[in-house]
Amino acid sequence: MAGLVKLSCLVLACMIVAGPIATNAALSCGTVSGNLAACIGYLTQNGPVPTACCSGVTSLNNMARTTPDRQQACRCLVGAANALPTINVARAAGLPKACGVNIPYKISKTTNCNSVK
């Protein structure tokens with residue numbers, strides 16, 4: 001139940017952050033958070049990366065093919081990181097590598113998403 005509450009907060013935070021952002025991106029924060037929902041436990045607790053989490057990371061990476069999409073995904077991730085006070089920032093930053101995915105920016109609470117190409 002606590003995980004569902006955290007996920008709901010994550011989705012709401014992403015929607016609030018992404019709402020006023022004008023962009024040509026096809027990705028929504030709902031899509032981003034939906035793909036990464038299985039990662040919440042890993043990012044806030046100890047334990048291995050769930051297979052479903054890595055599937056979501058890979059899927060999201062495959063969807064974010066254009067610069068606007070990558071920037072939007074970045075904004076959603078930064079918003080989510082800031083909305084989850086219990087997030088382990090080191091785990092968040094290392095999540096793509098842990099899943100064997102290479103993204104062109106570091107996931108953190110302070111990433112400048114406008115510089116993502």
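We count from 1, first residue shown onward.
Positions of Cβ are set from backbone N, Cα and C atoms, glycine also.
Feature annotation from Swiss-Prot assigns signal peptide to 1-25. According to Swiss-Prot, the disulfide bond annotation covers Cys29-Cys76, Cys39-Cys53, Cys54-Cys99, Cys74-Cys113, on the basis of sequence analysis.
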Inter-residue Cα distance where the pair is Cys74 (disulfide bond) and Cys29 (disulfide bond), in Å: 10
Disulfide-bonded residues compared (Cys29, Cys39, Cys54, Cys74, Cys76) - highest count of Cβ atoms within 10 Å: Cys76
For Cys113 (disulfide bond), the number of other Cβ atoms found within 10 Å of its own Cβ: 17
Site of maximum Cβ density within 10 Å, from disulfide-bonded residues Cys53, Cys99: Cys53
By Cα-Cα distance, the member of disulfide-bonded residues Cys39, Cys74, Cys76, Cys113 nearest Cys54 (disulfide bond): Cys39
Residue among disulfide-bonded residues Cys39, Cys76, Cys99 with Cα closest to the Cα of Cys113 (disulfide bond): Cys76
Separation of alpha carbons, Cys99 (disulfide bond) and Cys53 (disulfide bond) (Å): 8
Cys76 (disulfide bond) to Cys39 (disulfide bond) - Cα separation in whole Å: 14
C-alpha spacing of Cys99 (disulfide bond) relative to Cys39 (disulfide bond), in angstrom: 11
Distance, Cys74 (disulfide bond) to Cys99 (disulfide bond) (CA atoms, angstrom): 17
Coarse DSSP state, helix versus strand versus coil, of Cys99 (disulfide bond): coil
